[in-house]
Amino acid sequence: MRRSLAPSQRLGVRIKSKDAFTPPLLKKNKRACQQELEKRQSALRDATNIVELPLPIRFTANSEYEQAIAKVLARKFKVPIANYVPDYGGNRSLGVRRSIVRRALHDPLACNALVLFTPPVYTEHERMSLDPSKLQVHVVVDPLLSNVLRPHQREGVRFMYECVEGKRGSFNGCIMADEMGLGKTLQCVTLTWTLLRQSADCKPTISKAIVVSPSSLVKNWEKEFTKWLHGRMHCLAMEGGSKEETTRTLEQFAMNTSTRCGTPVLLISYETFRLYAHILCKTEVGMVICDEGHRLKNSDNLTYQALMGLKTKRRVLLSGTPIQNDLTEYFSLVNFVNPEMLGTATDFKRNFENAILRGQNADSTDTERERALLKTQELIGLVNQCIIRRTNQILTKYLPVKFEMVVCAKLTAVQLQIYTNFLKSDQVCRSLADCNEKTSLTALSDITTLKKLCNHPDLIYEKLAAREKGFENSQNVLPANYKPKDINPELSGKFMLLDFMLAAIRANSDDKVVLISNYTQTLDLFEQLARKRKYSYVRLDGTMTIKKRSKVVDRFNDPSSDCFLFMLSSKAGGCGLNLIGANRLFMFDPDWNPANDEQAMARVWRDGQKKPCYIYRLVASGSIEEKILQRQTHKKSLSSTIIDNNESVEKHFTRDDLKDLFSFEANVLSDTHNKLKCKRCFQDVQRQPPADNTDCTSHLSQWFHCSNNRGLPDTILSQAWTASKCVSFVFHHRSQAEAKPAATTTDEDEELSDSKRKAKKTLASDDDDDEDFVLNCSSGEEFSGF
C-alpha cells in the first residue's frame, strides 16, 4: 500500500517551487535548529513558574443594566431559610457520625423470634426526660439460630441467658444438666453468639469466651460453631502444637482486649488449660463454658483450682450425666458456677450436709428426719435457681424409635470350667480372707480377670500359659488346636452371639454397627474377627490423636462410605462423639458406673439419626457381669458403688460385697431376673406385659422379659438366638409407642409448627428410686430425694 506524505513531513526533499510553503526550521542548519528548540523549552519552563491571579470582574460600561448584573454577582450567597443561622462547626471535628436511633439488632416482632430481654415500656413524657443514649433495646437471638432451635432448646437458651446476666438472682452462673442428645452444644453456641453480638445497651455483652472440654471434643466444638453460624465467626481451637507455639497463641488471645476480637472464642482441653492457666488467668474473660463438667466435682484437683482462678463471673457447666447425691461433690459443682451461693465448704457442711445425712440414718429420730426434710427443701430452693435438667424423653418427638435390649449370653463350656475353677481356688479364698472393710489390690485384680474371662479366654491367655495362681490347671481346658492370636468365637458365648448377629446384619441390611468395650484387648479381638469375616472397620481408642479422631468419625458417618464397623473404647470416646452413621450398637461389657454406659450407648440415638436404633447390652449369664448390672439397675447408694475411675475402688467393697461378686449362679436363665422377683412372670415366662406408660428409661422390672425368641422386636437377634443357641434371657423395651420420622434441627417448618402447637414447657422428670438421690432440676420443676 502506497503512503503519501504531506509537504511538511517530507524533510529530505527539496521543494523547487517558489510558491510552495516552507517551514522556518527547514531554512536553517542542524545547529540552528537545536538552539531554537532549547530556547523554546527554556521559555516553557519559565512560564510554568508564573502564577497568574484571576482578574476581578470589571465592567467598563456605565449602563444601569451592567450595574444591576454586577450587584447580583457581588452579593454573598444566603441560605433561603427563614431565620437560618449558619453553623460553621467550629467546635466539631470533621467526620463525626451523626447520632442514630437505638434499636435491637434483630426484629423482636419477626416470626419465630426468640426475645431474651424486653426493655421497660416508657410513656412519651418519660421518654423525653430520659437520656436517649441510655435507652435499652430488645435482645433477640439471631434468626439464623432461632429458626432451628427446638422448644426445649429455646427454653434452655433463655434460662442460661437469664442466669449469666443476673436476671434470676445475685449470681451469674448456671448448670445445664440436660441428658445426652438434647442439644446442649447448640444452646451454648446460641448463648455465646448472642452475648458476643448484642446487649440491652446496644453493644456486645462480652468480647471473649472460653470453652473448656475433653481433648477429644475440641474439634467437635469447632465444627459445631462453624455448622450453626455458617462461618460468621472464627474460633481458636488449641489442638496439638509445640509449647512455644501454644504459649505465643494464648498470649495473643489474652492480650487482645478489643470489643471486636478476630477470634473471640477459645476452644481448649482441660489438660491444656491446666498447663497454661498462668497465661489465661491474667486477662478478663466474658464467659467460660465447661463441657463434661462432672470432671470438676473434686474441688481439690488442679484443674478445678486453675479454672476457679479465671477472671470471669459468667460460668456455665454442662453435664449430661445425672448429678448424684454425693453432697460434697455437688457442692463443688454449684460453688464453681456460683461461688458463695451455698457459702463456704464449712458453712455448707454445717448448714446442710450434716443435717441431711443424719436424717438418712436408719436410727435417726423423728426430729432429725424432720430437720433433714426442711434442710433439703431449703437446698432445693437455692439450687433450682441455677440448674436446668431435661431427660431425653423429649427426643421421642424428633427421633426414630429406639429398641434397647439386655441380652444374657451363656458361658461356653471352656469359659465355665475356667471360671468355676478360679472361684474354687486358694487365690480367691485368700482375697476374701485378706479383706476386712477394704478391698485388697489382689481382689481388684481378680475381679478384672473374671470380667475379661466373660469376654473371651484369649484375654487371660497369658495367665493361663504362666499357670498363675488360680489357673494352675486351666490351660488343659483349652482345645488342642487353640491358637491365641487366631480368634475363635466358639470359645465365648458373647463372641459367638456377636459373630452370628454381625453376619445377619451384613447379609440382610445396609445398617452400620458400633462395637464398644472397656478394654482395648477386646477391641483387638474385634479386629481379628473383622479381618476373618472381611468386614471393613475403623477403630478409635486412647492411642489415636485428636485430629485423626475427627477424620475417622467423618469417614464412618459418610453415607457413601462402605465402613461397616466402628470399634470404640468407652474410656477414650464414650463422651460427645456423634456416630449417627450407625443405627446398631453393642455394649460388649458393663461398667461399674452406669453413667459411663449411658454416655457410650447414646452415640447413635442422636440428632440427625434417620433409622430405627437397636442397642444391645451383652452380659454373661450368672457371672460377675450380672452382679455389675444389678448394681446399676438397683442404683445403690454411692457408698457401695463405683462412680468413676478417678476414685479408689477399695472403699466401696465390703467383704459381703466380694462374696457376692465371687459367686456364680449356675443353671439360671438370668440371675438378675431371679433377684427382681418379678410378679409379671411365672416360671420365667412373662404373663403380663409392662404398663403402657413405661419405656426403656424405666426400671428393668418394668421391661419386657423373654425366655425365648418369641416377641422380640428385632428379627436379627431372634435369628441369632436360634442359630447360636447361646442366649438364655432378654430384657427389652422401646423409647416410644411407634416409630416417627426423624427430624433434624434444620427442619424449620416442623419447628415453627411445633412451637405454635405447643407453647407450654416440656419438662420430664427422672424415674429414679427413692434411695438414688439424683437431682432432677429444671426451671419449672423441683427435684426431690436427698
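Each position is counted from 1, following the chain as shown.
Each Cβ is built from the backbone N, Cα and C atoms, and glycine gets one as well.
The feature motif 'DEGH box', as given by Swiss-Prot for the ranges 131-134, 151-154, 291-294, 375-378, sits at 291-294.
For G183 (ATP binding site), the Cβ neighbour count at a 10 Å cut-off comes to 24, with all displayed protein chains included. Averaged over the domain 'Helicase ATP-binding' (165-340), the predicted model has a pLDDT of 89. Taking the mean position of the Cβ atoms of D178, E179, M180, G181, L182, G183, K184, T185 as the ATP site, the remaining same-chain residues with a Cβ inside 8 Å of that point are G320, N392.
Sorting the binding-site residues M180, L182 by the number of other Cβ atoms within 10 Å puts L182 first. In this structure, G181 (ATP binding site) belongs to neither helix nor strand by DSSP; it is coil.
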